[in-house]
Every structure is written in C-alpha cells, then in structure tokens.
Amino acid sequence: MSAAFKRDVSINLGYYDDALGDVSRKRQSILRSWRRLSSLQRMVIGLLLFATLIIAIFVLPGILNKDDLLSSNPDIKKAEEDQLKEKDRGGGLKVEQVVPPVDEHSEISSYDFFAQEPNAKQKQITDAFKHAWAAYKKYAWGHDELHPISKTSSEWFGTGLTLVDSLDTLVIMGLKEEYEEAKEWVEKQLSFNVDNYVNLFEITIRNLGALLATYHLTGDEVMKTKALDLGKRLLPAFNHGSKIPFSDVNLANGVARPPKWGPDSSTSEVTTIQLEFRDLSRVSGDKVYDEAVHEVSMHVHELPKTDGLIPIFINANSGDFRPGSTITMGARADSYYEYLLKQWLQSGKKLVVFKEDFISSYEGVKKSLMRRSEPSKLLFIGELLNGRNFSPKMDHLACFYPGTLALAYHNGLGDEYLESAKEVQKTCWEMYNRMPTRLSPEITYFNLAEGVAEDLIVKPLDAHNLLRPETVESMFYLYRITGDQKYRDQGWQIFLAFEKHTKLKESGYSSINNVKDAGNPRFRDKMESFFLSETLKYLYLLFSDDPKLIPLDNYVFNSEGHPLPVFKDSVVP
C-alpha cells in the first residue's frame, strides 16, 4: 500500500494535521488508554459495542426497509426502482377517456332483488349467511377476515375484504337492511389509499369484482366510483416493461414488485384479472384497463404449451413460463382455463381466440390429465409433475371444471363437454360423500392399481376443508343447464354438512382440520371471505326456481362468484 493511499485514508478519518508517524502514536495512545481501564469499564464498553453490532445487523435493516428486507431481493429492488423512475418521468399506462362509456343504465339490472320470495331451502341458506354476517359484524366489522374461534379479526389488504366481497351476495339474497348498512360503510369508510402491498389477482377478483358486480346489479354509483379508484391504483402492476404484470402492488404509492418468494408469478394469477379489467373499461369508457389485460392474454396465448396446457409459474421479467413447472387444473393454474371460456363469453363471443384456446386445453386435459380410478372407475383430473410425470393428485380447486365444461356445452361446444362435466362432477361429489363428515378434503389422491378397495386416498396434511365453493359452483351450473334434481339433493347434503361440522353457535363458521373425523374435525379459526361471496351464494342460486335470477346468458361469474354482464352489443354476426 503506498504512502499516498495511507495518507488519503488518514485524511478521510479526520487526521488533517498528522503525519503517518502521528497516526501510529495515536493508535498506541488508544491502546494505553484501554489498558488503564478497569475490568468493569472494559465489560461495559464491550457490551455497548456488542449491542451496537446487534442493532446494525438486525434492527437497522428493518427500519430502513419495513417490508422484511425485501429490497435485498435484486428482482424486487430493481422493480421498485424502475417503478419509481417511471412515475417520476410520468410514464406508464395513462388513464384517459378514449371512448365513450357504456350508457349509464344499459347494463344495470332491472330485476328487483329485494322483492324476492325465496323458497324454504333458500331461506335456510339465507339464515346461514345472516349468521355468518352477524358474527363478522360483531367481531370483525370493517376488517378483512373473521377468526370465529378467538372472535378476533385480521387484515390481509386492509380494505374490508369480507364486507366488500359479500356485497353482491347481500343483493342476490335480497337482504336489503344488511346491504344498506354495508353500502354506507363502503361510502364512508372504504379507502384504497392503503400503504400496503396487495396481491393483484386476489384484490381484483374479490374487491374489484364485487364492486363492479354490485354496481351492475343495483346501479349504485358509489360502487362504480370505488371500483374506478381501485382500478387506477392497480395499473402500476403493468408498468414495468414486461407483458406480464407484477404480482404485488402498493395501493398508496403505486409501486409494484414480484412476489416475496421469487421472480415468478402464478400463471393463474396473471390470467385471472381479465373479466374485471375489461368490465372496468366498459363502465368507464377508458380502454386502458382492457388493453392492459388483453396484452397479457395475447402474450400467454402465443407462448408454447403442452397440448394447450400451461405450467403453473411464469416469470414477470422475461414473460416466459418456468421450465419444468407442474401442469395441473388445481392451484396456480385453475382459473386460467376458466377465464379462457369466460373471456369469449363476456365479449359476446367476439374474442374467438380464447374459445379456441379453451378447446385446445380441453383436448390436452383429456390426453394428459384425465384418468379413471380403481375400483369405481371415477374420472378424475391429475397433475404432471415437472411437466412430465403423472400424479393422481386432484385439488378441490379443480372441481370448478365440471361447471366450466357445462357452460361450454351450454354455449354450443358439443355434447362431449357435458358428458365430461357430469363424470368429473360425480368424482367431486364422491370426494364429499365418502368422507365421514360428508365434507371434501382440500386434496385427494386416487388409486390406479387394480384390486384395491377404495378409490380415494386422503393424507393427514390434506384433510382440511376451507369452506370452498368449487363443487357447489359446478352443481349450480349443471342444475341450471340440465335440470337434474340430483344436483340439488347433493348440494343440500353438503349444506347440511357445513351446518353440522363448521357452524359455531355465536360466531359464524370456521374451516376445519380433518374431514375424516366426524367426532372431532377441529376448527382452524378462520372464516374465508369466499364462504360468503361464493359458497353460500352458489347454494342459494342452486335452489332458486326463478330463471331470471342471474341468467347464464346475460352474466359471467368471475372466479370469486361475482356476476358481470355479457357485452351483448359486441356479438359478431
């Protein structure tokens, strides 16, 4: 090391007047001073130095970055820096009125929901909803989620998740008093100016979908206003230069980033925002929302697939699927297939490319994912681990598929779709019917070997039930389309099982840990918002005798059970 360099170091440390020899003498002086200290003094200084070190390592980073050191992830750090630069430049998607909005009342329902006369079973389902709603109101009003055992609440987004998610259920069930009270909270208390990163997919299907659906059902302008505010706050997720949006966005400062666990997004999440954003363009007259999600859909359309099937992960930076990802109809992929069909339907059957992709995916499901179990020959939908190796594992989430296939049949895609829907739905029903609680596990494996006694295998860690809606959702579609009473009979058995095993006397409903133990299924202390927004709603609609109550030719349900209108004037001759 040169003397000049040492001199520079000395100057930087504050030794403005000392030569190198002076520096050495000062160091010796410090050492002599240290030796003169007593043992107690040395110990105190040592403890102070140790505490300073601990603060520097563990506490200071948390202060500098309140999001659990997320800025140490280069993908997240780069995303946030790029987002802030883009905001400073005034770049990104602009919100402008580029087309006239849809006529103010052309897609507002004229049906009088609050004048319904529900039948006996609908009344019992409505009573169940009111029981859950009363518990939410008492213990979690205005908060995201209710914990019915501890009688507490928790936040996920900080946007009144359960309340907002339930708005259109209140309308559809004709609960006027409860709806008016919830509407007042939305008008006076709901704010999306939340300094919190939220999941683009989840808040879109739950909050944005609910607000838009409620606006279309009631015409209440406050719902449209809140939806537009939320939509504008979500646009930064699309502003980072890739055709795949980031998964998380801060509602207050407009910065978006990849998920905490890495650069990849779930494929279903980036392909299950299209119905809501297209509807937002429809009601606002601003094409920016439609254009943002259409670019995503078309990009995924052009990516290479396995017989029309997609992996569960996609990189938001490169826009490519993660090689070797699992292929499934369950978690992280399920609603991609649902929204292929529903984008076509929502557009008035104008966006034919999505119909074609749906048909291609159905052929792929038949070829690669469908198998029959032993000994009952149940038709189930498995997975391809690493995109290649078949696993006889079926998520309860995959039980949305029979309803989607039935809807495809209803819209002219052929008898085969209905037959497949019926067979897979039978399997979903057996996932309930063969459990001691008569409630389905979250995940089921199927026997493929001959000579076994039982088709279903439920592992201990998969035996929980989260009050999910997918099976009763498919029952609703199949009953509406076929009129077969068995779907109502089966749906009623499921409803009674929920009443028996998940209902709490004073505090709503709770998910359970073990569907195989009817004597002690053990509560998990959580009432998911989708129990109110989907499960009970689909049960109510299943038992409706009124064909004018949310007709399938006029509405498409988003992935959270919120009905959005079909664009009738978009039909191609």
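Glycine too: its Cβ is placed from the backbone N, Cα and C atoms.
The active site, proton donor annotation in TrEMBL covers Glu202, Glu442. The feature active site is assigned by TrEMBL to Asp334, Glu470. Taken from TrEMBL, the feature Ca(2+) binding site applies to Ser559. Under the heading disulfide bond, TrEMBL lists Cys399-Cys428. As annotated by TrEMBL, transmembrane segment applies to 43-64.
Projection of TrEMBL feature records onto the structure.
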residue	record	contacts (Cβ under 8 Å, 6+ apart)
Glu202	active site, proton donor	Trp156, Phe157, Glu269
Asp334	active site	Ser268, Thr328, Asp395, Leu397, Ala398, Phe400, Tyr401
Cys399	disulfide bond	Val424, Gln425, Cys428, Met431, Ser440, Glu470, Thr471, Glu473, Ser474
Glu442	active site, proton donor	Asp395, His396, Asp462, Ala463, His464, Asn465, Leu466, Arg468
Ser559	Ca(2+) binding site	Ile205, Gly209, Thr272, Ser335, Glu338, Tyr339
Around the Cβ of Glu470 (active site), other Cβ atoms within 10 Å, all chains included, total 23
